[in-house]
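This report refers to the structure that appears directly beneath it.
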Amino acid sequence: MLSEFENGAPVQQFVSRFRSYSSKFLFFPCLIMSLVFMQWLISIGPYSGYNTPPMYGDFEAQRHWMELTLHTPVSQWYFRDLQWWGLDYPPLTAYVSWFFGIIGHYFFNPEWFADVTSRGFESLELKLFMRSTVIASHLLILVPPLMFYSKWWSRRIPNFVDRNASLIMVLFQPALLLIDHGHFQYNCVMLGLVMYAIANLLKNQYVAATFFFCLALTFKQMALYFAPPIFFYLLGTCVKPKIRFSRFILLSVTVVFTFSLILFPWIYMDYKTLLPQILHRVFPFARGLWEDKVANFWCTLNTVFKIREVFTLHQLQVISLIFTLISILPSCVILFLYPRKRLLALGFASASWGFFLFSFQVHEKSVLLPLLPTSILLCHGNITTKPWIALANNLAVFSLWPLLKKDGLGLQYFTLVLMWNWIGDMVVFSKNVLFRFIQLSFYVGMIVILGIDLFIPPPSRYPDLWVILNVTLSFAGFFTIYLWTLGRLLHISSKLSTDLRNKKEA
């Protein structure tokens with residue numbers, strides 16, 4: 001780490017202005033204001049489905065769920081308007097949509113969420129309201145646990161400047177900001193609940209961690225990416241260093257209680273009819289192995305081997321399940337054998353990358369899940385990991401380029417990506433010659449493909465050629481990041497094993 005911050009990265013120079021005792025209290029207000037300012041700059045641009053009837057896009061889906069939950073009995077939430085952005089997220093998302101719908105309807109403009117007639121409604125005022133709900137959710141739910149995580153690891157990075165420079169880079173990661181505040185979604189809520197779970201694991205508050213993770217699952221089903229690692233970590237704490245059966249029972253009761261609480265209206269009314277419909281909507285296996293062009297194994301393989309023409313849907317489900325289990329097994333076993341806090345982020349990252357690369361029904365935006373635990377590794381203070389974390393972030397936002405380009409967010413994309421890499425001096429390379437070559441190759445590949453996409457139209461015979469190139473390079477990069485997280489996890493766990501063995505011998 002640099003000791004003379006004035007010669008360091010711009011983010012270090014910024015933080016160093018607050019390192020005096022009299023100025024430290026100003027740092028976090030300035031950080032929050034800077035984050036909100038950036039979110040609003042992104043929000044000025046268009047969103048998913050802007051002015052594109054008849055179905056519009058994710059913005060209309062989120063608005064419609066507010067309309068639907070506002071005017072429809074709870075028992076019909078998962079039955080109504082299935083052809084017009086029917087509700088396909090778990091109940092906590094529905095509750096949040098209802099809450100925001102109540103605020104918009106009664107305190108601002110009822111036309112925004114009028115039953116049926118508001119479909120496709122677009123106005124500057126509605127856009128301002130919807131954008132505000134995402135920003136508020138981001139600040140209230142995601143930012144606090146990230147700050148706690150950074151502070152908890154401050155014992156590894158006692159220096160005020162280095163510690164908070166890392167926090168800034170995590171808070172300003174381009175992929176999440178562009179998807180939530182540009183494209184328009186509420187991923188920050190689910191990711192924030194996951195971070196609250198991780199924060200409570202750091203505090204040994206296992207019941208609270210279980211509760212928050214169950215909330216994440218009931219907000220977005222994609223939080224399942226983290227279910228195996230957190231399960232095996234918690235299971236490990238129940239049997240090591242000694243068996244704690246009472247803890248296992250308490251955690252099990254917490255899971256049952258949380259899901260029962262969230263699902264209570266449907267359980268109370270008619271669980272035999274309503275719960276199966278919720279499961280059917282939340283897990284739409286009939287949609288296929290993936291949607292659109294996504295940088296995972298199956299979509300990449302499909303460019304040379306048409307797997308959907310060879311295997312049935314059921315066979316693909318089984319095959320993807322086997323591949324996913326194989327990819328997440330090592331990290332889950334390590335977290336079970338060594339439930340240590342220093343392994344949490346790496347274990348979550350490795351398992352969620354495995355899920356993203358090999359699981360069934362993956363969206364391109366799902367890359368935000370493995371990107372979160374990968375990014376928070378910056379807070380651990382190991383400078384040798386920075387090149388890989390930076391590469392993961394740049395690959396993630398690069399893989400989202402076709403979607404963001406479609407949304408008309410090209411200006412926001414390039415501005416934010418260039419700014420993030422510049423302020424954090426993120427385009428750095430490992431000292432290892434092989435690693436340096438791999439990292440440099442991916443950066444060159446991204447620049448070349450972006451240049452081609454911007455200035456050369458694809459052949460009429462292959463209109464998706466540039467997208468396929470993007471998917472192929474991104475998959476190769478993500479698989480490399482997966483191998484890196486797994487390799488690092490194995491390395492640290494082997495050192496832990498050696499240390500434990502030496503203690504026993506002593």
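Just so you know, glycine gets a Cβ as well, placed from its N, Cα and C.
Look at the topological domains in Swiss-Prot: R340 and S494 end up on opposite sides of the membrane. In this chain, the transmembrane segment (409-429) lies in contact with the transmembrane segment (164-184); the count of Cβ pairs under 8 Å, excluding pairs fewer than 6 apart in sequence, is at least 3. For the topological domain 'Lumenal' (269-317), the number of residues in each DSSP class (helix H, G, I; strand E, B; coil) is 31 helix, 1 strand, 17 coil. For the transmembrane segment (343-363), the partner stretch with the highest count of Cβ pairs under 8 angstroms, out of 211-231, 248-268, 383-403, 437-457, is 211-231. The stretches the transmembrane segment (211-231) and the transmembrane segment (409-429) are not in mutual contact, being linked by fewer than three Cβ pairs under 8 Å (pairs 6 or more apart in sequence). In the topological domain 'Lumenal' (430-436), the DSSP tally of helix, strand and coil residues is 4 helix, 0 strand, 3 coil.
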